[in-house]
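Below: one structure, written as structure tokens.
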Amino acid sequence: MARSGLNTSGSDATADLPKPKVNKESLQRGLRIFRFVLPYRAKFAVGMVLLVLSSLSTMTFPWIGGKLVDAANDKPFTLPGGLVLDINRIALGLFLVTVLQGLFSFGRIWFFTQVSEFTVRDIRQALYAKFMQLPIPFFEQNRVGAVTSRITSDVAQIQDSFSLTLAELFRQVFTLLAGLAFIMVVSWKLSVFMLVTFPPIVLAAGLFGRKIRTLSRTVQQELAHTNTIVEETLQAINSVKAFTNERFEIKRYNTALRKVVQSALQSNLYRGGFVSFVIIGLFGGIILVLWRGATLVHTPKTDPNHLDIGQLVSFILYTVYIGASVAGLGELYGKVQSTLGASERILEILDETPEPTLLEPALGLVPVQVRGEIRYEHVAFRYPTRPDVAVLQDIDFYIAAGEKIALVGPSGAGKSTIAGLLMQFYPLSGGRIVVDGHDVADYDLTALRSHIGIVPQETLLFGGTIRDNIAYGKPGATDQEIIEAARRANAWQFISAFPESLDTVVGDRGIKLSGGQRQRVAIARAILKNPAILILDEATSSLDSESEKLVQGALDELMQNRTSLIIAHRLSTIRKVDKILVIDGGRIVEAGSHDELSEREGGLYANLLRLQFELA
Ligand SMILES: Nc1ncnc2c1ncn2[C@@H]1O[C@H](COP(=O)(O)OP(=O)(O)OP(=O)(O)O)[C@@H](O)[C@H]1O
């Protein structure tokens, strides 16, 4: 069968993704993700109000603190109404403000978390529904790691933003602006002095910090690499031992570990430098401002530049706030970038055109019953991912309802592709396929597919129980129906021998069952689905003869009264079919019954037959 599955390489798909620059366009594009917030806008608005209130109360703290120090210096605070506040009252006021701030913050977190949880759930639902409805070519063009990381890490990034980054961003900007306004009012001269000394130091610290982050990312990557080695080798421990490569792997792991230590040491060298820079630079800056401030406090009260000690305290506290918000904003910039990138990638998938499945009302014909008469009329086909290769050309054949035909031919000839096109996994490049007299394109896609069953070459079962796996052919089937299907698929015997019978868990991808057992579960599933048309991709992996007999018996039972398209690898199993189509290089090169074809001198089928006979 054409491997239409996902490309599973690359698990860490987001690590190296580019972050878009924050500009008008990227903001406009990224902010479209806010449409998912709209249903919860009332909660969002309440959260915003609480955020404003908590930010405001934070900003009054240094101001009231300054008044407290002034009161301690015999300068009590007088309210506009004439009410004089002493130390006790001011301290009480400060405490009240703090309590209010605590309550506002609690409310803000509560409302924003609700918004982010609901929003993120909706985004995940929309994404998953989209994944299910995207056409197969999409999955051939995108790595599965990259696709799944949309619903895991990208969505987590968005969640982070709605619950934290957004609030932080607002608070930092608010703190910065309000802080600047406050210090200007307290003393514009000292403010100007502060502004030329302090922010450059903070910015330098920010750049230093970025360098450290880059280095620690390298450490993480190196560490991840060592983990990959452990995972890979433990998963494939049989191969390691069989190839006697234990020593090689130990060396490989040690080399990788050495790199981790090297980069960790380098990163910590910078970290140490950073700490001493912060101590000397940042505190040096504070000392500078303190010195200047102290000088101003020291001037006589009559001097227009004079500062009260309380004013200096407020000033210093606001300066610390401002410094913290400048540093915080630098970090937030990176987060905003990541969020914009994540939201763009999510929206990109949501904007993809889905297959017309699950449409309500249905688009096109919805047959209650399909007889299963199939006609391929001059079908030509190229895979969308490889448009320059003509995989099929002029495929033209007819199968009457209930007939069985086999497709045979060398590997890569196009047999699986011919069968897969019936399911309309890909658009045709030419010709048409007709089922019961109607072009397949005229049918509702879901309705048509529901009448076609596939038993693939390699059966991948889902991780649940045997019951779940058989019932996949008909969700909601009763135990009675499931057991009946298992019986007809020669599977009941082994299932009932398990202590947990239908409740036996098959393990990830069905690894706890043998190949032949998996196939019979897949056949039971197809029997339960009861499709009018059956596509059977015969397994290439050989089963032991006992198991093969059971599987063959199950297949014969399954094919009864259905139009069947068999992709045959072993010619011995197809003698009973009504017609054989021999495919080579994407064309039908011979057609006829087994007897006709095997007697054709120099024919491809006769050749293949002889080859297999000789091999046997
Ligand atoms: N998803 C795909 N994308 C691009 N090319 C594909 C895809 N699947 C198959 N092909 C190519 O199409 C050609 C026909 O493949 P197909 O699987 O139909 O052959 P086949 O006759 O069934 O082979 P086999 O007997 O080995 O299963 C091959 O050249 C193959 O490389």
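Cβ atoms are placed via backbone N, Cα and C, with glycine included.
Where the annotation comes from TrEMBL, it is an automatic prediction and has not been curated.
The transmembrane segment annotation in TrEMBL covers 44-64 (among others). When Cβ-Cβ distances below 8 Å are used as the criterion, the transmembrane segment (44-64) is approached by residues 37, 90, 93-94, 97-98, 100-101, 104-105, 107-108, 111-112, 115, 167, 170-171, 174-175, 178-179, 182, 313-314, 317-318, 321 of the same chain, each at least six residues removed from its ends.
Per TrEMBL, the feature domain 'ABC transmembrane type-1' maps to 45-338.
As annotated by TrEMBL, transmembrane segment applies to 90-111 (among others).
Marked as transmembrane segment by TrEMBL: 169-186 (among others).
The transmembrane segment annotation in TrEMBL covers 192-209 (among others). Listed by sequence, the residues of this chain that lie at least six past the ends of the transmembrane segment (192-209) yet keep a Cβ under 8 A from its Cβ atoms are 183, 270, 273-274, 277-278, 281-282, 284-285, 288-289, 292, 315, 319, 322-323, 326-327, 330-331.
As annotated by TrEMBL, transmembrane segment applies to 269-291 (among others). Within the chain carrying the transmembrane segment (269-291), a Cβ under 8 angstroms from the stretch's Cβ atoms is held by residues 190, 193-194, 197-198, 201-202, 204-205, 208-209, 211-212, 215, 316, 319-320, 323, all 6 or more beyond its ends.
Under the heading transmembrane segment, TrEMBL lists 311-330 (among others). Residues 58-59, 61-63, 65-66, 69-70, 168-169, 171-173, 175-176, 179-180, 182-183, 186-187, 190-191, 194, 198-199, 202-203, 205-206, 209-210, 282, 286, 289-290, 293-294, 296-297 of the same chain lie 6+ residues outside the transmembrane segment (311-330) yet bring a C-beta within less than 8 angstroms of a C-beta in it.
The domain 'ABC transporter' annotation in TrEMBL covers 374-610.
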